[in-house]
C-alpha cells in the first residue's frame with residue numbers, strides 16, 4: 001500500500017492517486033463537543049508541505065465517497081484504503097467513546113451513504129493515544145445501533161503513538177479488538193528514525209500469536225529509506241511522494257517480491273508468502 005500522506009483537501013485525492021497512491025491518510029480534528037470537524041493538520045507539519053489545507057469533515061467524506069464509488073465520474077479504482085489520523089489530543093479521555101460514536105454516524109451518512117452503495121474503500125481508524133481505546137467501542141456501538149454492524153467488516157485500527165508493542169496489545173484487549181490491526185511506526189520526514197520498532201512489529205505480525213496484521217512506516221520520501229523499509233518487510237509506506245515509492249517498487253530487487261495492493265487484497269489478512 002502506497003499511502004499518500006496528509007490528504008486533507010478534496011482536490012488532493014486526485015493529485016495523490018495520480019502520483020501512484022492506492023491509499024491516503026487524512027487528518028481529522030474534533031471540536032469541543034467531540035464532533036469530527038475538519039480534515040486539517042495545522043502547523044507544524046512535514047517539511048516541504050503546506051500544513052493548512054482543509055475541508056469540513058462531512059464535505060471531505062462526500063468527495064471521498066465519489067472517489068471510491070464505482071460508476072462515479074470521480075471514481076479511482078485503485079484507491080482502496082483510507083487512514084483517518086484522528087487528532088484526539090484535544091479530547092479528554094472520557095470523550096473518546098462519544099467521539100467514536102459521532103465519527104461512525106458521520107461516516108455512515110456521508111461516506112457509506114447509509115449502507116446504500118456508498119464508498120467502497122477500507123477504513124483504518126488511527127488513534128494517537130492508547131487511553132482513547134473507547135473510541136473504537138463507541139464507533140462499533142453506533143454502527144450497531146444504527147443497524148449497520150456489517151460495515152465494521154470495512155474498518156481496521158491503528159494506534160499511532162509508537163508505544164511499546166505490549167502496551168498496544170493491551171489496549172486492543174480492552175477495546176475487544178481481535179483482528180483488522182494495522183501497526184504504524186514512524187516520525188515526521190524532518191527527522192530520522194531507525195527501523196528497530198518496525199522490525200519488532202513485523203516479528204509480531206509474522207509470529208503465530210501476534211496481534212498485528214499489517215505494518216506501515218511513515219513518512220518516507222527518499223529512495224534509500226523506501227528500500228530500507230521494504231527490506232524490513234513492511235506492508236505499507238506512507239509518503240509525501242507516492243511516485244518515489246512506485247519507482248522503487250519497480251526496481252528489479254523489489255519487483256519480484258512486492259506489488260501494489262488492489263481492492264481484492266484483504267487489508268485485514270496477514271500476508272503469508
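Every residue gets a Cβ built from N, Cα and C, even glycine.
Swiss-Prot lists 25, 27 as Mg(2+)-binding residues, and of the candidates 14, 46, 72, 85 the one it assigns to that same site is 85. In this structure, 47 is the one among the disulfide-bonded residues 45, 47, 51 with the smallest number of other Cβ atoms inside 10 Å of its Cβ.
When the recorded positions 5, 41, 47, 51 are screened for a Cα within 10 A of the Cα of residue 27 (Mg(2+) binding site), the ones that qualify are 5, 41. Proximity of residue 25 (Mg(2+) binding site) to non-local residues of its own chain (separation of 6 or more, Cβ distance below 8 Å) is seen for 3, 4, 5, 6, 7, 82, 83, 84, 85, 126, 218, 238, given in sequence order.
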